[in-house]
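Below: the structure, in structure tokens.
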Amino acid sequence: MQCPKCKDLNISSFFCGQDCFRKSWSSHKTVHTQNQPSQPSQTTNDPHLLKLAAALQQSGTTGIGKGEPIEQGAYDPNPNHPYTGTLRPHYPLSPRSAVPQSVALPDYAKDGTLNLLKATYGLAKGLASVKRLSEVEIDTMRRVCRLGRYVLNQTGNQIKPGVSTDQLDKYVHSLCMANNAYPSPLNYHGFPKSVCTSVNEVICHGIPDKRRLKQGDIINLDISLFKNGFHTDLNATFAVGEIDGESQRLIDTTRRALDNAIAICKPGTPYRNIGGEIQPTCDEQGFSVVKTYTGHGVGREFHQAPTILHHSNLRSKGEMKVGQIFTIEPMVNASKSYHVEHWNDNWTAVTRDGVRSAQFEEAILITEGGCEVLTADDDYSPPADHISIPHVKADEGVVTISDI
């Protein structure tokens with residue numbers, strides 16, 4: 001669904017449903033009073049932002065006026081925004097990467113607008129619309145997912161101090177083009193880039209820009225691509241050089257939480273049990289699981305039923321069935337606060353208290369004997385005997401491009 005106020009203001013803003021819209025309202029409503037991101041903003045009068053800024057300053061949390069320096073040749077488009085951490089956007093953004101006519105496009109690629117009837121049907125119908133793929137469709141998904149893993153691994157190898165997130169975006173785009181695949185984030189509801197790069201306190205949906213990675217950063221690469229009529233979706237959090245012990249503990253805990261959830265995936269398992277595995281794993285480390293964002297079905301649509309909640313809950317209905325494919329992608333904050341705020345770009349989601357956040361994501365196929373981690377790395381060690389990984393290659397193999 002689209003926010004009615006955003007529709008009146010001609011702002012591209014969509015939600016998976018009424019419940020998602022309601023949960024996001026406290027942070028989302030601020031975009032109705034914000035300036036366009038290409039123009040420096042003035043001091044805000046929005047009571048929500050003023051209250052947040054005052055709380056940050058009173059608590060001593062990094063916020064307004066305490067950001068890292070903006071690099072030469074770049075600027076912060078919203079210098080008076082009440083940032084929760086030290087990270088700042090580095091504008092101007094580079095032009096959107098071109099896609100040749102030979103690459104097949106998803107329905108939203110040209111104008112950023114999904115076929116809303118098709119996109120919302122599955123979520124509205126809920127469990128009745130959870131797709132169960134045929135063997136031919138599953139084989140196609142295996143190959144597309146393997147290509148997604150290749151792109152993630154190759155791009156992860158480029159991460160080092162001094163590389164900008166914009167360079168990583170161009171690298172992802174080049175790999176996709178070399179393999180006749182469309183980068184699914186590009187122009188999805190208007191998203192301007194081919195990959196999401198979420199650094200430090202950014203939970204998800206970070207927009208690649210001119211900021212260069214620094215020693216001690218952590219960064220999540222969220223890779224999604226579309227080929228042969230199917231999407232894949234996976235992500236991982238990487239260390240930039242040497243990182244502190246707390247950041248490493250956060251990364252390790254997040255990965256372990258995902259693996260604990262994967263370990264219970266098999267026919268008949270209730271979807272709600274996923275959060276029941278993830279949240280206790282994080283709670284015992286003093287971390288929190290973000291509730292605003294979820295896992296989802298993936299296949300012919302980028303996001304489709306079922307919705308996968310990562311926190312302990314009793315609301316998720318239904319159970320896993322053979323032939324279903326969905327993602328599990330917990331976002332974990334390095335504090336007890338699971339709350340989310342957003343930058344003025346209406347994409348970048350950050351921790352409310354400015355602490356770091358990590359995420360990992362895999363696409364899971366439910367099989368007769370358990371499950372298959374379609375996006376698994378070649379050296380992935382399944383956390384249970386009923387879990388397998390695919391042993392197929394991407395459709396046309398892979399094409400290596402020059403390093404950054």
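Placed from the backbone N, Cα and C atoms, the Cβ positions cover glycine too.
The candidate list E361, E368, E372 contains one residue that TrEMBL assigns to the Zn(2+) 3 site with D222, D233, namely E361. Checking the candidates E201, E319, E329 against TrEMBL: the one annotated together with D233, H296, E361 at the Zn(2+) 4 site is E329. Comparing Cα positions, H303 (protein binding site) lies closest to D233 out of the binding-site residues D233, E329, E361. Checking Cα-Cα distances from H205 (protein binding site) against the binding-site residues (D222, D233, E361) with a 10 Å cut-off leaves D222, in sequence order. Around the Cβ of D233 (Zn(2+) 3 binding site), a 10 Å sphere holds 25 further Cβ atoms from the protein chains shown.
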